[in-house]
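In what follows, a structure is listed as structure tokens, so that the remarks can point back to it.
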Amino acid sequence: MTETTDSVPEPPSDADQLQPKVSICGLDMPAEVSETAAEAAIGVSEPKKRSALWEFAILAVIAIGLYYVMLTFVARPYLIPSESMEPTLHGCSGCVGDRIMVDKITYRFSSPQPGDVIVFKGPPSWNTMYKSIRSNNIVLRSVQNALSFVGFVPPDENDLVKRVIAVGGQTVQCRSDTGLTVNGKPLKEPYLRPVTMNADLSFSPCLGSEFGPVTVPQGRLWVMGDNRIHSADSRYHCNSTDVVNGLSCTGDPNSGTVPVSNVIGKARVVVWPPSRWGGVGSVNSQQGQ
């Protein structure tokens with residue numbers, strides 16, 4: 001009779017018993033193997049993290065670049081700083097004024113027209129009262145200038161908003177018996193609000209001193225605020241030779257007019273506050289002349 005014996009597994013050696021083990025997915029593995037696996041996992045995750053950071057940096061640069069292109073060539077926001085364009089645009093010193101979007105594309109293919117509401121850089125003679133918005137601290141000022149370059153801080157310039165009344169070659173003037181005229185024809189200005197100005201147009205059609213006639217030089221614009229009594233516009237900045245006679249702006253027209261090259265863009269829409277959302281209309285006051 002043949003005698004059979006079951007195979008008996010050999011007992012673990014002392015070295016196996018002393019070697020630390022770690023359970024991974026329900027399997028006991030030597031600690032050395034687990035450490036190697038962990039190091040391999042870390043080695044894979046670090047390149048992924050670096051890749052994600054690199055992608056984020058690229059996207060951030062692209063976003064800033066697109067924003068810069070938009071501000072430079074397409075459109076830019078602008079804060080209305082004063083009440084000179086009320087009721088069309090609201091603003092005042094120390095309050096939350098309208099924020100508008102300025103279209104910078106239109107005037108690359110056309111010229112400003114009568115009735116357009118434009119944002120422009122004030123000519124040198126208009127900047128005597130301008131106060132820089134930059135810090136006196138040289139370091140902070142450098143940071144502001146850098147942020148301004150990419151559009152996160154407004155440029156340090158005297159940007160103004162007014163309505164175009166007359167363009168190059170046209171003659172503008174105002175008399176108490178005719179009111180405001182261009183080329184001798186009265187204007188229709190529905191954007192003027194006597195209540196806003198607290199004035200009676202029938203009693204004071206010029207809403208200030210009589211002026212002109214002024215023939216606007218080619219390549220320049222005559223601009224005025226919708227809130228005439230509270231607007232330092234072309235009338236205010238035009239040198240006068242007849243002040244003693246109650247007239248203004250009969251001297252050098254270059255002093256009161258604005259170069260077309262100074263125009264930043266056309267006011268298109270009020271984007272803030274929400275209660276004021278809406279378009280900024282161009283009303284040609286010369287229409288029908």
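Using the three backbone atoms N, Cα and C, a Cβ is placed for every residue, glycine included.
What Swiss-Prot lists as topological domain 'Cytoplasmic' is 1-53.
Under the heading transmembrane segment, Swiss-Prot lists 54-74, citing sequence analysis as support.
Annotated topological domain 'Extracellular' per Swiss-Prot: 75-289, in sequence order, evidence recorded as sequence analysis.
Per Swiss-Prot, active site is recorded for Ser84 (among others), and the stated evidence type is similarity to another entry. A simple way to gauge crowding: the CB of Ser84 (active site) has 24 other CB atoms within 10 angstroms, across all the protein chains here.
What Swiss-Prot records for Lys162 (among others) is active site, and it gives similarity to another entry as the kind of evidence. Counting only same-chain residues at least 6 apart in sequence, those with a Cβ under 8 Å from the Cβ of Lys162 (active site) are Ser84, Met85, Val117, Ile118, Phe120, Val223, Met224, Gly225, Ser231, Asp233, Ser234. Secondary structure at Lys162 (active site), taken from DSSP and collapsed to helix, strand or coil, is strand.
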